[in-house]
Structures are given as C-alpha cells and as structure tokens.
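Enquirer: The transmembrane segment annotation in TrEMBL covers A:6-22, A:42-62, A:74-96, A:117-137, A:179-199, A:236-255, A:276-301, A:407-435, A:456-474, A:486-505, A:512-529, A:535-557 (among others).
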C-alpha cells in the first residue's frame, strides 16, 4: 500500500472513531444505552438496520460469489421484503406495546423465564460466534493480501469499534453506521466506475454485461429445476430465496436482538415500520448492485489475464521445490490459456453476435476452470490444511492489483467500516441480552439505573474481547458469508419457531413451548450433522418442526400455564 | 420520545395495508425485471 492509501485509511478510521465518541452521550440507564431512549427517526433506523446486516463479508464475498457462480445469489434476499411485512404486522406492534428492551423479554411474558433464558442463550452463543467470524473474515483476507499480521489485524478489526460502542451504546452505533454507509456506498460506486473505466478501449458497460451474460454470470433468476426434477441441494434459486430466505430473514429481523435492538430505537411504532419497509425496498437492489460489481470484475478478468489462484499467500507458504515446480507448470499453462482467452473475448466484445464464437470462449473458460481446479488440488495435496476456496479474495485482489492509489486505501477502509457497523450492533445487542435476559433475571436485588448502565458497558466490553478471541481461533471455514449464514440457520429455526408459537398459538403453554424448543434444536443439529440439506431449508424445517411438536406436546402434556400476549 | 400507539398516522399511504401491497408489488416488479435481465443477457 502506498503512503496515500495509508493516510486515507487511517484518516477514515480515526474520523469514524472520533465521530462515534462525539455522539457518545447517552442517558445513564438501560433504555438510553441499549435503545437510544427510543428516539430515532425512521431513516436512522433504516441505516442502522442496513449497517447491521451488511458486514464486511457482504462486500468481500458477494462480488467473489458473482465471479465464480454468477449473480443468482441475489435470490437469497428475495425473502427480505416478505419478512419485513410479516414483522411489521405481527412482531413490531407487540414489541412496542410491551416496551421490551430485548425480544426475549416477550417470551417470559408469554411463556416463562426458562424459555426466555434458553432462547437468549441460543442467541448469545450463535451471535457471539458469528460476530467472531465477522471479525476474522475480513482480517484473514486483508492479512493474506497485504502481508499484515492476522492477530494484529483481528485486534484492529474488532478492537477500535469497542471504544465508541462501550462509551456510546446504541446511539453511537446508529450514528456511526450512518456515516459508515455513506463512505461504503461512495467506495463501491467508485470501484464500479473504475472497473468499467479499466476495460479495454472500445469496450463499455453494456459490452461488459454482454460478455458476463454469455458466460453465465448474469443468471439472476434460476429455478433450481434439473433434468431429474427439483434440486433440493441447490442453495440459491427463486424458491429457496423466497421461502428459505424469507424464513431466514424472518428469524434474523424478527428474533435476533442485533436487529430487534435497531428498530426498537425508533421514536414510534410508525418509524420502526417505515424503517423496516424501506429496508425491504432497498435491500434487493443494493445486493444486485454489489453482485453486479462482481460480474464486472469477472468480465475484466475475461478481457485481461487473471490469477490462477486469488490468494497469493498460500503459494508463498509452500517451500518444497518439487511441489513449487509443478504448481509453476500449472500456473504457466493457465496464464497461456488466460492470455489467449483475453484475446478471444476482446474480439467477441468488439464484434457482433456469433453463437459459434460464444461457444468457443465458453469452452475455453471451462478449460481454464479445470486448470484452476488442478492447481487447487495440487495445493491441497502439498498442503492439506490449506483453504483452497479463494472466492472471498477475488474482489480485494482486483482492488489491490488494478485500482489507483488512494482508492485502494478507501476500499480497505470500506471493509473496516462495514465490519464495524455490524460488529458494533452485535456487541450492543449481546450486552443487552446478557444484562436484561440473564444478569438482571438471576440477581437478587433490583438494580439501580446507574449500576445497570455501568454493568451494560462492562458486558459490551467483555463481548468485544470474546469475539476477538473467537476471531483469533477461526480458520478454514470456506466461503465466510456462507459460514455465517449456515451458523445462523442452525439456530434461527428454533428461535423463529418459538416466536411463531407465541404469536399464533395462544393455547400452547410454557412447558410445551420450552420442551419443543429444546427438541427442535437437537433435531436441527442432527439434520446438519447427518444430511446435506441446503442450509436455507433448515430455518423452514426448524420453525415448522417446532410448531408441530409444540402442538403435539400441548395435546399430551398436562395443561397448567396458558397465557396470551 | 412518544408513547407507542397502533393508531399513529400512516405516512405517504392511507393505510399500512397499502404500504405492504406496495412493497410486495415492488418485489414482483424486481423479479420480473431480473427475469428479463437474465434472459436478455444469457
């Protein structure tokens, strides 16, 4: 990185921390610290919801996903608008009416304390670990590509934001997210512009789309249908997106405190609803735009020689001369093929439609992909512990290798800021749940506001340290955006299921609810361990199983504690 | 800070139902647009 990149990176990050500290004044009580005194307007709620969901992994993995698998990943977000509507109708009015601080508080009012504790624990474990991954994911990519020490990178990625999150709570989180998103959108717009600008003379945006489309990277809508019927293991198609993605979004926005805590900061029920509905409107186009950048990067590498493997650090770690020679031989073949492909694709982009020509460049691309797989297999053979999935490295490698000085620093800052936005909200919500759902529930004396405030700060700090420790131990998780989503899917089915029972089955009592939640969680663990069902379906299966099992228990267990919200 | 009330004024549209229909229609339009986008460039 050049001196200018460093200046831009340090100035941006310091500016955000300073702004967070400037906005850190909050009331010394639980409502002030965790919910910003329920005072924010809808647009702040919207930006906070967006900033919480869009982590660094979103901006690193999504373009890589489009590069390797096309834009069909966007279908995963089709369920978001549906979920926003359901949450606005059923979830938000109840949370507002009961003036809860955490979503799990409602479960105690509806069921009992043990159900609240169990679901809060599920949340704390899953959110705590996934936040650790959210720190590690961008850190490992930055450290591999820029030669930074991974432990120090983890510390800066997860550590600096703790300063303003601890001091300012939800208010500082929301205000910094607002500024972070402005920088993120500016950085991404410039990256997209430069990707098109770097295309060879005579080849414009539409030509780039033409190439990308012919190579199967603009496959936004897919149905999952194969010659043998519907492919249930296909992760991204319109049905898994609408149904599986819808359930995942419902679980995430409706029951995950990191999101519930964002829209409960709104000054009224209407402002919460507008914030959520606007998120339903902008989320899909935003993801489409991010994936389109990945498709453009793919076209760029079709028109220019591309690296055989996007994570160069792996190659430099191999010391065996014989292995190095055979990797070099494969890379040499790949580079020759890639150069030839660039020549052909340029010719195609500048000329008109020619199906035979298209078939030739498709065949060449397939041959190059086979060579890439051969290279990865060789890497795995000589170094079995190596992670050969380089999807997450594609975008940043492109940025570092091809974008101009200054923009590299800005885009690395974007990665940090995206990470900070989601991690800060996660720490705030982890502390909220720890204090309200566990600590205060099991302490004997009722706490005074000042003690609760200080305790909340300490919990925020402790969760920050925990997540950094998880990040220091995370490794070999494949595509990291998927790792986070898979982790969420294992727990979200149970979390959503219990809320669905609470809202829609008022006759199901506390014991039936609690035991069905426990059995469902065990069942989902078993499914995850023993089957290869696509992770998006786990939410649907988990929530559906819990609802049915609770009805079964309700019919068989003695009826004692029956209540309604 | 105001107390929560389900009878608060609905901005832009006359009712929340109209808001929900609008969000749904927007999603449908996006899916149709994406379908034609996929077809056009494939």
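Cβ coordinates come from backbone N, Cα and C, glycine included.
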Enquirer: Give residue numbers and ranges for long-range contacts of the transmembrane segment (A:179-199): same chain, 6 or more residues beyond its ends, CB-CB under 8 A.
Expert: 12, 16, 19, 47, 50-51, 54, 59, 205, 207-208, 289-290, 292-293, 296-297, 299-300, 303, 398-399, 402-404, 407, 410-411, 413-414, 417-418, 420-421
Enquirer: Counting only residues 6 or more past its boundaries, what in the same chain has a CB within less than 8 Å of a CB in the transmembrane segment (A:512-529)?
Expert: 110-112, 114-115, 118-119, 122, 490-491, 493-494, 497-498, 501-502, 538, 541-542, 545-546, 549-550, 552-554, 557
Enquirer: Counting a contact as 3 or more Cβ pairs under 8 Å, with residues at least 6 apart in sequence, do the transmembrane segment (A:407-435) and the transmembrane segment (A:276-301) touch?
Expert: no
Enquirer: Any contact between the transmembrane segment (A:486-505) and the transmembrane segment (A:236-255)? By contact I mean 3+ C-beta pairs closer than 8 Å, pairs at least 6 apart along the chain.
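Expert: Per Cβ check, the transmembrane segment (A:486-505) touches the transmembrane segment (A:236-255).
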Enquirer: Could you name the stretch, out of A:117-137, A:236-255, A:276-301, A:456-474, A:535-557, with the greatest number of CB pairs under 8 A to the transmembrane segment (A:74-96)?
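Expert: Out of the listed stretches, A:236-255 contacts the transmembrane segment (A:74-96) most.
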Enquirer: Report the listed stretch (A:42-62, A:236-255, A:535-557) having the maximum count of Cβ pairs within less than 8 Å of the transmembrane segment (A:276-301).
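Expert: Between the candidates A:42-62, A:236-255, A:535-557, the best contact partner of the transmembrane segment (A:276-301) is A:42-62.
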Enquirer: Taking a Cβ cut-off under 8 Å, which residues six or more beyond the ends of the transmembrane segment (A:456-474) line up next to it in the same chain?
Expert: 30, 33-34, 128-129, 131-137, 139-140, 151, 154-155, 157-159, 161-162, 165-167, 169, 423, 426-428, 430-432, 434-435, 439
Enquirer: Would you kindly list the residues that approach the transmembrane segment (A:535-557) from elsewhere in its chain, counting only those six or more residues past its ends and only Cβ-Cβ distances under 8 Å?
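Expert: Same-chain residues near the transmembrane segment (A:535-557) but 6 or more away: 76, 232, 235, 240-241, 243-245, 247-248, 250-251, 482, 485-486, 489-490, 492-494, 496-498, 500-501, 505, 507-509, 511-513, 515-517, 519-521, 523-524, 527-528.
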Enquirer: By Cβ distance under 8 Å, which residues at least 6 away from the ends of the transmembrane segment (A:236-255) in the same chain are close to it?
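Expert: Same-chain contacts beyond the ends: 49, 53, 69, 72-73, 75-80, 82-84, 86-87, 91, 103, 119, 123, 221-224, 230, 276, 485, 488-489, 492-493, 495-496, 499, 534, 536-537, 539-540, 543.
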